[in-house]
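Peer 1: Next up is a structure, given as structure tokens.
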Amino acid sequence: MTELSLAPFPLLRLPLAPLLFAALLWPLLLGLRAALGATISLGQPRPHLSRPLNQPLSQSLHQPLDWLWISAPWPALALVVLGPDGSLWLEAWLLGGCWELDDQRRLLLAFSALLWGLAGWYARGYFAAEQAQAAAGDPDSRARLLRFALFWPLALCGNLLLLVAEDIASFYLGFALMTFSAYPLVIHNGTREARTGGLAYLVMAVLGEGMILAGLLWGAGTGSALTLSELRATLATADMGLWMGLLLWLGFGVKAGVIGLHLWLPLAHPVAPTPASAVLSGVMIKAGLVGWLSTLPLGMAGIDDAFQGLGRAMLTAGLIGAFAAALLGAAQRHPKAVLAYSSVSQMGMIAALVALGLLQPDSWPALSVLVLFFAAHHGLSKGALFLGVGISEQPPRLPAWLLWTLLILPALSLAGALGSGLIAKWSTKKALEAAGEETLAVWLSLAAVGTTLLMARTLWRQWRPWRETIETNQRPGHSLSTSHRPSQTLRASHSPSPNPSSNPDQNDQHLLAPMPLAWLLGIVAALSLPFWAGWLAGGLTAELADQLADGIDGELEGAFSRQLAGGLASPPLSALPALLWPLGLGLLFSIVLGWSLRRVATRLSHWLPAGDLWWPLAFCGRWLWCLARGLLQGLVILQAAWIAWWVARERDGLTGLEMLTRAEGWLRRQLALLLLAVALGLAVVLLLNAKSTLLWP
Amino acid sequence: MTAVLPLATLASSLLTAAVIFMLPEQALRTRTALNLAAALVKLVLVIWMAWGLIAGEVYAVEFAVVEGLSFVLRVDALGLTFAGLSSLLWLFTTIYAIGYLEDSPNRRRFFGFFSLCVASTLGISLAGNLFTLLIFYELLTLSTYPLVAHRGTPQALAAATVYLRYTLSAGLLLMIGMVALQVLAGDLRFGQQEILAELGPAAHPWLIGLFWLLILGFGVKAALVPLHGWLPRAMVAPAPVSALLHAVAVVKAGAFGIVRLVYDVYGIGFSAALGVLEGLVVIACITILYGSLRALAQQELKPRLAYSTVSQVAYIVLGIGLFGPLGTIAALAHLLHQGLMKVTLFFCAGNYAEELGIHRIDELDGVGRRMPLSSLAFTIGALGMIGLPPVVGFISKWMLGMGAVQAGKPWVIAVLVASTLLNAAYFLPILNRLWFRRGPAHGVGAWPAERAPSRLETSAWLLLPALATALLSLLAGMLAGLPFSPLQWATRVVQQTYLMP
């Protein structure tokens, strides 16, 4: 592998261990800094710590999201670029730690760290108003920001750890750390909706963690496995491997949005701050996919036949998810809810591809590369789309046509019409044909129609408010700078920041302000993914080429040899119609449906609220809880009655004792009399008996 | 030399108790200094003995009380596990108690019995036969009674009475069981389990019956369902006593008794052959689930923690019941882990009650802002109880799961996962309230009874022990691979004592 690898900087390879430690510890340190800042500021009500609120304690307290904070994923990026392949053993860590870096992990790390970095940068602009309020001395916004500044790097650290972990304990730690640290990000606003979204997120996450723990314990216990590769090998051959696989599939499926377990996605995404939604949907749900890839025996020779059934279940669930989410998403009103359903749909497609690893182990090596590429493509494009939602709410100074072109680009890419999307689609089609799964290819193309529909819907839902804002602003008396800004209008009563340089109003509409720039870079990164992904993980692409070269004709072999240098192949012009028809069909559908359903659209959205099954399930859950509590109360009453019965018996016993004592006392008092009576009686008896004999002869 | 160390360790607490009883009530500084010095000396002595034990020294004291019945103190790795736990946590609990009982009456009585209680815990851990164990076990019962009743309120007195009823009747059963074993097999030392195994199949029904009788006796202190009734009621005791009951001494003494019974009196192989281990597993599983369910229904903090103890201590029994080295490692490691985590939780609950007058869970809104460090410690403890890495609870749960699978009982994993979910269901809402709700610290409402603000969020005597134990439970999990972590120590005990032929 290392000989084949066309790694980007062969000239500079630093040792692995310090890079790994830096990548994982740097976010932790930044989180610690925020926690310290929080401790200082939380001490405010104390007399000994009370200072005038606007006197600067430290920079990190007033502007928690500073430049240093943004740098959290940078060491990870350095690790991606400069780190050599290899593994690191840590004897003392948990149950024995093993962290690894290879081509697969490098690609995952690359797009994850990139999106975390861009979203963090974006957050700096997104929270500019809140930061200004914090600097002006509003304790609530400062507390919220500090919380965000603490948990964002923690979630990042967890995400990075789960990507590099090879031992099960570290993997589980990373997964749990990421999951639970993301909860405060979801409920950042503290509104009622945010709490509902957070609750849905947390409940589903805990259920998922439970299933993951069960699967991991069972698998690891059966094979005495400590590392993920040992676990995969165990699963492939164990008697009950299928059930372990099922638990792991469902457990990670909560994160990856398998249909039925996806409930948290459309509830949590719209309420989370936009940068958090971007990483939730772009990177964190990929952790579910990474979980599948790391624990399921995909593409293993000698795999138990029972896994065929699991593979079919995954495939079916994936396809159902891809279509159902498209339909549910098309009924949503909030653009971020539409995007969340789109994530469910896309992850469904990826899950269908993963399922092939169980159904057709032979074709897995080619497919696994594709799955990774698809994941990276979806992560970055979806990230750019989410960031775009914030951009359309607070548009930078760009001509409208340019703004909307830029907003549409990642949507087109996700629908498979250009850039990484087109290439992912083309490669998928080819790989599926090579694996003899033409039917699946058709289904996936049909699912792409759904994607187009969702993209059209979300852009439409973005366009409407933007249009209204522009129209409002063009009326006299409104300047662009006091434009629609939800977080600011919410607390418009607060005085503006005394410090003009931190006043966001002038700054954040320049093209080079954090928000637009991060967004632009996100689009660029998403569209150029094929170039740098191949460049970064050259070995992987070469492997894909090797695997595919057997099954395709000579005309295409040239394309794959080009791909070694320039990433994955672009499709030839002649193949374009076959790839673009879903887009056309999807657009047609969107227009027809949008026009014909415009009257009932509101009612439709009302019938199908975001989170679909969550509401009936939550109702049932509450009902069950009441029932369980009633039962428990009954049990407690029963127990109390039982104890009371025993206590009563004890009292009976005591009463009996007391009677005895009383009888004894009576006996004591009357003893002389009694004895006398007995003596008398005896005497009488004697006298009567002695009647016959003469006493005095 | 060999007899001196165990006696000295025992004396370090017994003498302290005697001296404290003789000191006048006002001798505050002397008492504090004496308490801390004794705790430190004891910890050092225990570490010394552990060191010597690894080096191969033998520490034992014994003399015959009557013919055929002897008082035996003998240091082995298993006993040192418990001794180490109790002496380490006693240090923290003493510090905490000094801070907690500041300016309250009857401190002489409290600290005297406190020392006596720990002395008996130490006696239990070093005891070399059932008779000696029983003596200290009863001493523990009697010396904890004044602690539970310390406040003197009708509620406290009632709880102490319930406690005494449960434990004394259990002591009676233990006595009967011990005498019967004595009659069957003579003066059994711990570790002579082959004597029972050689009694032949005719004695097996007797032995099985005696096993359950003794489990019934130990199960009261270990709070196995349905013998757990005293534990939640004893919650009226002051926080350091709760910590002592739940983490350091009483509940652990019961669990340790079961460990001794299974491994050193009957022998694990013989217990498996008698078929009594399955019963233990079932009882433990019921206790785990029932305790968690009851915890879920509690609206006050300390009773919720108490039911959580019921559930968590049963993990130890579960580990014992899983025949195999991994189960044993899990049981012994959890003996230590649960102590660290639970003591942290009780310290924090005490801090909330002392500083803000909080007893109910719904009063905890926004406490994280007012008392961030205590809440951080509480969070670490609670996450550990749920079993999330890198806190030690994860290590316990992982080893238990491994042990269950290797003992051929994968269904136990379902119990573990259900317990994890229930733990999450009753701890995560508390954490949510602590950190993410708006409360009096945000200007909404008022604390039930806030103490005058001090320099730290609360008195340093109260804060530092909680932080220390939280840090320890975090480190013991993160660095479980280090040579002297609880996990590695448990592995060492198991390797040395049970797997060697």
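From the backbone N, Cα and C atoms, a Cβ is placed for every residue, glycine too.
Just so you know, TrEMBL annotations never went through curation; they're auto-generated.
TrEMBL feature annotations, pasted as is:
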type     : residues  : note
COMPBIAS : A:471-494 : compositional bias 'Polar residues'
DOMAIN   : A:165-390 : domain 'NADH:quinone oxidoreductase/Mrp antiporter transmembrane'
REGION   : A:471-508 : region 'Disordered'
TRANSMEM : A:20-43   : transmembrane segment
TRANSMEM : A:145-165 : transmembrane segment
TRANSMEM : A:171-187 : transmembrane segment
TRANSMEM : A:199-220 : transmembrane segment
TRANSMEM : A:276-293 : transmembrane segment
TRANSMEM : A:313-331 : transmembrane segment
TRANSMEM : A:338-359 : transmembrane segment
TRANSMEM : A:365-389 : transmembrane segment
TRANSMEM : A:401-420 : transmembrane segment
TRANSMEM : A:440-460 : transmembrane segment
TRANSMEM : A:517-538 : transmembrane segment
TRANSMEM : A:578-595 : transmembrane segment
Peer 1: Pairs of Cβ atoms less than 8 Å apart decide it: which stretch in A:171-187, A:313-331, A:401-420, A:440-460, A:578-595 has the most with the transmembrane segment (A:276-293)?
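Peer 2: Out of the listed stretches, A:171-187 contacts the transmembrane segment (A:276-293) most.
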Peer 1: With Cβ-Cβ distances below 8 Å as the criterion, list the same-chain residues six or more beyond the ends of the transmembrane segment (A:199-220) that contact it, or say none.
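Peer 2: Distant Cβ neighbours of the transmembrane segment (A:199-220) are 168, 172, 175-176, 179-180, 182-183, 186, 226, 231, 234-235, 238, 240-241, 243-248, 250-255, 261, 263-264, 267-268, 291, 295, 611, 614, 618.
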Peer 1: Check the transmembrane segment (A:578-595) against each of A:145-165, A:171-187, A:401-420, A:440-460 and return whichever range has the most CB pairs under 8 Å.
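Peer 2: Checked against A:145-165, A:171-187, A:401-420, A:440-460; highest Cβ contact count belongs to A:440-460.
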Peer 1: Counting only residues 6 or more past its boundaries, what in the same chain has a CB within less than 8 Å of a CB in the transmembrane segment (A:171-187)?
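Peer 2: Apart from its flanks, the transmembrane segment (A:171-187) reaches 94, 147-148, 150-152, 154-155, 157-163, 165, 194-195, 197-198, 201-202, 205, 208-209, 212-213, 216, 228, 255, 268, 271-273, 276, 280, 284, 287, 291, 294.
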Peer 1: For the transmembrane segment (A:401-420), could you work out the same-chain residues 6 or more beyond its ends whose Cβ comes under 8 Å from its Cβ atoms?
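Peer 2: Sequence-remote neighbours of the transmembrane segment (A:401-420) are 342, 346, 373, 376-378, 380-382, 384-385, 388, 391-392, 395, 448, 451-452, 455, 458-459, 462-463, 519-520, 522-523, 526-530, 579-580, 582-583, 586.
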